[in-house]
């Protein structure tokens, strides 16, 4: 009974993620109307056959805007987490394998970044770099890099004393070859698991930054931006 319940949850989760991914990829094709087209005489309309989710304060189709926002929010989340995973895993491997002063410096850097909540750190980066989609990706990437560094470093510390690593070193393999050929592949699975867990958080952070006016800017759309305008103009 428990197994069937878990299988149902797994299948439901996969279906939801698949639908969201398809919406993000094919958003411009499946949007019922142009998400940028304004019609001020058609502002704040309730749901109808022509506008299934009504219209916003500029007369734009809300459903089309949500589909467009899905694309920006999901792509931003995926790209930022992927970048933070690549950078964080490499730094974690170097830190754990080399040790010494380099390890100390990297871990101090990691501890400093992790002392800030991700959203607060994102705000600091955005204020420094300016607002926009690229800046949001950079901000989220910087916020998540320390998390991947810690996981990769811990895995590397346990791997570098394993027999296959010591054997490779005894055979004359360079440190670079050992890190790339022997240690990196064993860090991929933990990194992928971490990435799947943090993509949702990245999307929430992007939405939070956009809600505060620091993220994706109009006329583009994101979930946070749509919520912001919805709160400012409670419809119907």
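Even glycines carry a Cβ here, placed using N, Cα and C.
Since the structure is predicted, the reported quantities are computational estimates derived from the model, not experimental observations.
Among the features that TrEMBL reports, domain 'ABC transmembrane type-1' is placed at 70-236. Summarising the annotation, TrEMBL assigns transmembrane segment to 7-31, 72-94, 106-127, 133-152, 191-216.
If you look at the transmembrane segment (133-152) against the transmembrane segment (7-31), you find fewer than three C-beta pairs under 8 angstroms, all six or more positions apart, and that falls short of contact. For the transmembrane segment (106-127), the list of distant contacts is 91, 94-95, 135-136, 138-140, 142-147, 149-150, 153, 201, 205, 208-209, 212, 214-215: same-chain residues at least six beyond its ends, Cβ to Cβ under 8 Å. Under 8 Å from some Cβ of the transmembrane segment (191-216) lie the Cβ atoms of residues 72-74, 76-78, 80-82, 84-85, 88-89, 118-119, 122-123, 126-127, 131-133, 136, 139-140, 143-144, 147-148, 151-152, 222-225, 227-228, all in the same chain and six or more residues away from its ends.
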